[in-house]
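Asks: According to TrEMBL:
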DOMAIN    73-260  domain 'Aminopeptidase N-like N-terminal'
DOMAIN    295-512  domain 'Peptidase M1 membrane alanine aminopeptidase'
BINDING   H367, H371, E390  Zn(2+) binding site
ACT_SITE  E368  active site, proton acceptor
SITE      Y453  site 'Transition state stabilizer'
DOMAIN    593-913  domain 'ERAP1-like C-terminal'
Amino acid sequence: MLLVLGRRVSLSFVKRVIPQDPVLLSKPILQNFRTIKFRVIHSSTVFASATRQNTDTMPERRPFVRLPTDVYPVNYGLCLKPDLIDFTFEGKLEAIVEVNLATNQIVMNCADIDIITASFVPEGGEGEEINATGFNYQNEDEKVTLSFPSALQKGSGTLKIDFVGELNDKMKGFYRSKYATPAGEIRYAAVTQFEATDARRAFPCWDEPAIKATFDVSLIVPKDRVALSNMNVIDRKPHPEDDSLLEVKFATTPIMSTYLVAFVIGEYDFVEGQSSDGVTVRVYTPTGKAEQGKFALEVAVKTLPFYNDYFNVPYPLPKIDLIAIADFAAGAMENWGLVTYRETALLIDPKNSCSSSRQWVALVVGHELAHQWFGNLVTMEWWTHLWLNEGFASWIEYLCVDHCFPDYDIWTQFVSADYTRALDLDALDNSHPIEVNVGHPSEVDEIFDAISYSKGASVIRMLHNYIGDEDFRKGMHSYLLKFQHKNAATEDLWDCLEQASGKPIALVMSSWTKQMGFPIIVVDQEQQGDDRILKISQKKFCASGPHNGEDCPNWMVPISICTGEDPGCTKLKVLLDSPETTITINNVSPDQWVKINPGTVGFYRIQYSSAMLESLLPGIRDLTLLPVDRLGLQNDLFSLSRAGMISTVEVLKLMEAFVNEPNYTVWSDLSCNLGVLSSLLSHTDFHEEIQEFIRDLFTPIGLKLGWECKQGEGEPPGAGGHLDALLRGLVLGKLGKAGHKPTLEEARRRFKDHVEGKQILSADLRSPVYLTVLKHGDSATLDTMMKLHKQADMQEEKNRIERVLGAISAPDLIQKVLTFALSEEVRPQDTVSVIGGVAGSSKHGRKAAWKFVKDNWEELHNRYQGGFLISRLIKLSVDGFAIDKMAAEVKSFFESHHAPAAERTVQQCCENILLNAAWLKRDADDIHQYLLKRKAPPV
């Protein structure tokens with residue numbers, strides 16, 4: 001499953017986005033950067049205890065027991081008949097089961113389903129059919145116990161259950177999804193989302209990933225609707241009792257987990273292709289929009305053979321369908337052979353889709369198709385190992401996109417989108433290890449987060465680098481062969497990779513997956529003749545400063561080192577397996593710099609001595625450091641400033657050295673961090689000064705790029721179009737939001753022409769222009785934007801507008817946007833980004849959004865109960881506060897308004913608010929003085 005997690009992307013309007021505030025820059029002053037003083041702060045100890053104590057008040061874990069194993073399924077014969085008018089469904093289950101131990105009851109998972117009759121027929125017909133005499137529902141545990149008057153004997157038999165359920169509107173289980181026909185009539189499709197624990201809402205089942213079985217699915221549907229499931233259709237016949245209905249029968253699936261079963265009944269068009277290895281690929285789109293499926297089809301047709309080759313295991317089904325679902329909570333879901341997507345994660349309109357949408361679709365298709373092997377063919381044994389599925393798919397999606405679109409420079413983008421995001425979250429006291437023991441469904445929902453996905457992907461990237469591609473592939477191949485159609489745990493993958501590489505994989509990796517957090521690597525150097533001696537040590541990095549406790553954890557850290565002689569080439573690799581070590585690098589002249597972690601692959605922060613850092617800084621200005629390393633250096637220093645280990649002023653000075661920066665992702669990360677800083681300083685009376693800093697920093701690159709794409713532009717050759725389009729949108733949006741006058745005037749002119757139909761804005765310019773005119777707009781601007789939203793035929797355009805509406809400044813208009821978020825005009829999954837856009841745009845917006853969430857809590861919680869959207873909503877609404885008392889307010893609100901699936905998110909938010917408050921207290925005056933001094937005329 002791919003979540004729309006709001007990866008760290010700078011534009012408040014690029015995909016997976018958390019709206020963020022602008023930030024500012026100015027004239028480069030490298031000479032001021034002589035000595036960065038690493039400060040020892042004492043306030044952090046007080047603060048650390050303040051945050052650490054709230055970990056102790058974590059609600060007690062709910063008692064949870066997995067299903068008994070005395071009866072297990074071999075095959076589910078399942079027939080479902082949805083009613084698309086009354087939103088109910090009837091179901092018949094005939095499951096072939098194996099009774100391991102004689103018992104007079106069967107315990108299964110079941111939620112929101114009413115069982116009408118249940119019976120058991122022993123195999124061979126010797127025994128009579130035994131009718132169940134009682135159904136005991138344990139609603140809290142989502143289980144049902146079927147009681148029988150006599151013991152079911154050891155051996156095979158058939159369990160028959162007739163049941164009814166509701167096509168709910170919660171975007172989980174078997175649910176209804178609202179859409180409009182081309183003529184504008186509102187209709188509903190019946191669709192599924194079962195991961196993690198919601199197959200039990202569609203039929204009674206053993207809903208645990210390790211209880212695999214085969215499935216024979218039949219659907220009874222209106223004859224004018226498309227019916228799809230995991231496998232190909234093998235029979236279609238009129239329903240004997242109603243000739244307006246068809247009975248559609250699908251081929252038997254391979255042995256598989258319940259969470260991967262899927263069915264869709266609705267109205268769709270499709271485009272079809274075939275992969276070079278003979279698999280039929282279809283992309284299903286809303287009626288009349290088949291054209292918009294072509295890009296995803298092209299990606300899927302290239303991707304299947306890539307994975308076939310990479311894993312050296314063939315795709316095991318005859319077909320794969322990719323389908324766009326109107327109401328869809330996640331980004332996409334890897335159901336075997338029938339992958340479901342949000343419309344914006346699958347549909348691309350050649351004229352009206354922007355470059356970031358294409359890239360997003362390519363990544364999501366790459367992610368879900370990887371799961372067809374890694375997750376579907378081999379499945380984690382329990383949700384504790386979810387990270388194996390998600391971390392792996394979140395890593396290999398980039399490998400796949402790099403193969404399909406080498407001009408995207410996608411691995412540099414990985415560092416900004418996943419790696420730094422995971423570091424930020426994992427530095428909190430309220431983070432969690434990658435492998436986390438979970439039981440109750442609400443605990444399972446909680447681990448679909450940036451640790452499972454982004455930290456998971458980052459440590460797999462580090463592991464791949466440590467092993468090398470050839471041995472990594474060998475190990476992956478043997479893992480998939482050994483465990484195909486079975487279940488595996490994290491250790492099983494380590495064993496296979498260890499055998500392939502001969503390296504101590506389990507030992508190294510368990511330090512990264514079984515304990516939370518990561519180290520900060522502290523580095524100092526001295527020159528001895530022609531050799532450079534490095535002194536390296538590690539300690540746990542905490543967002544509140546370095547961990548100074550007694551029981552400091554250690555990691556097995558693969559460390560690479562490069563020098564100024566060849567920045568792209570690793571000179572030395574070591575495995576740091578102790579708290580500190582000394583390393584000698586031969587033949588390094590005194591004038592050469594030395595850098596740790598080239599490529600920013602190792603999952604750690606670095607603190608260089610002042611002299612080492614100073615020697616690296618010219619490499620930012622003259623671009624001799626690789627883009628990914630320029631980004632990593634800046635991101636590390638920004639993080640150290642937030643933790644109080646250096647002054648934020650030093651980071652502002654560093655940011656001014658990026659004046660010649662050409663790389664999109666480097667700017668994107670800078671922009672993101674400036675957004676964080678701008679949001680922080682919105683709590684002060686010098687917010688305008690930071691806007692000026694942003695304008696100064698972004699103006700040169702803005703002038704260089706201009707508004708129109710130029711012929712043959714781009715670095716490296718051929719990469720121009722895509723990355724320059726992303727960079728242009730980023731920079732213009734940043735300048736416009738920060739109130740850069742020429743940008744604002746041009747945006748208003750272009751917006752007027754766009755609205756009047758004189759000159760339609762290119763898709764890549766729409767977000768920055770919309771954002772700019774709204775930020776500095778009035779009620780007429782907002783009305784125009786709402787009108788554009790209503791007229792938009794494409795979900796991408798609706799989302800683009802929804803994400804930036806919060807930029808409007810006037811309090812009464814902010815209220816109007818918040819009310820709009822819960823209206824019928826906004827799809828349920830998109831309400832969260834509208835509210836988040838308001839919270840992320842200004843100090844007033846933040847307060848208004850939080851009040852709105854509190855006032856409408858019941859409706860919002862009911863809409864997203866369980867599910868990760870509730871966590872995302874909370875994070876977006878409150879993460880930006882920077883006053884101690886707000887942490888207490890948030891904590892107390894959620895103590896009286898329980899959100900079980902978001903408990904950890906609430907704790908993380910409270911911790912972030914306290915961190916922000918401490919940062920502001922510590923550095924606000926220095927930042928203010930620096931910003932004033934920048935503007936002062938020279939004496």
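Each residue, glycine too, has its Cβ placed from N, Cα and C.
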Asks: How big is the gap, in Å, between the Cα of E390 (Zn(2+) binding site) and that of Y453 (site 'Transition state stabilizer'), rounded to a whole number?
Replies: 5
Asks: Distance between the residue listed as 'active site, proton acceptor' and Y453 (site 'Transition state stabilizer') at the Cα atoms, whole Å?
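Replies: Computed Cα spacing between the residue listed as 'active site, proton acceptor' and Y453 (site 'Transition state stabilizer') is 13 Å.
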Asks: Rounded to a whole angstrom, what is the C-alpha distance between H367 (Zn(2+) binding site) and Y453 (site 'Transition state stabilizer')?
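Replies: Distance between the two Cα atoms comes out at 11 Å.
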Asks: Take the C-alpha atoms of Y453 (site 'Transition state stabilizer') and H371 (Zn(2+) binding site) and report the distance between them in angstrom, rounded.
Replies: 13
Asks: Show which residues of the chain containing H371 (Zn(2+) binding site), separated from it by at least 6 in sequence, have their CB under 8 Å from its CB.
Replies: E334, N389, A393
Asks: What's the number of neighbouring CB atoms sitting within 10 A of the CB on Y453 (site 'Transition state stabilizer')?
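Replies: Counting Cβ neighbours of Y453 (site 'Transition state stabilizer') within 10 Å gives 28.
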Asks: Which one of these recorded positions has the most other Cβ atoms within 10 Å of its own Cβ: E368, E390?
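Replies: The residue with the most neighbouring Cβ atoms within 10 Å is E368.
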Asks: I need the neighbours of the Zn(2+) site defined by H367, H371, E390. Which other residues of that chain put their C-beta within 8 angstroms of the C-beta centroid, in sequence order?
Replies: M1, L2, E334, E368, A370, F374, G375, N389, F392, A393, S394, E397
Asks: Just to be sure I understand the packing, how many Cβ atoms besides its own are within 10 Å of the Cβ of H367 (Zn(2+) binding site)?
Replies: 28
Asks: Please give the average pLDDT for the domain 'Aminopeptidase N-like N-terminal' (73-260) in this predicted model.
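Replies: Summarising the domain 'Aminopeptidase N-like N-terminal' (73-260) by its mean pLDDT gives 95.
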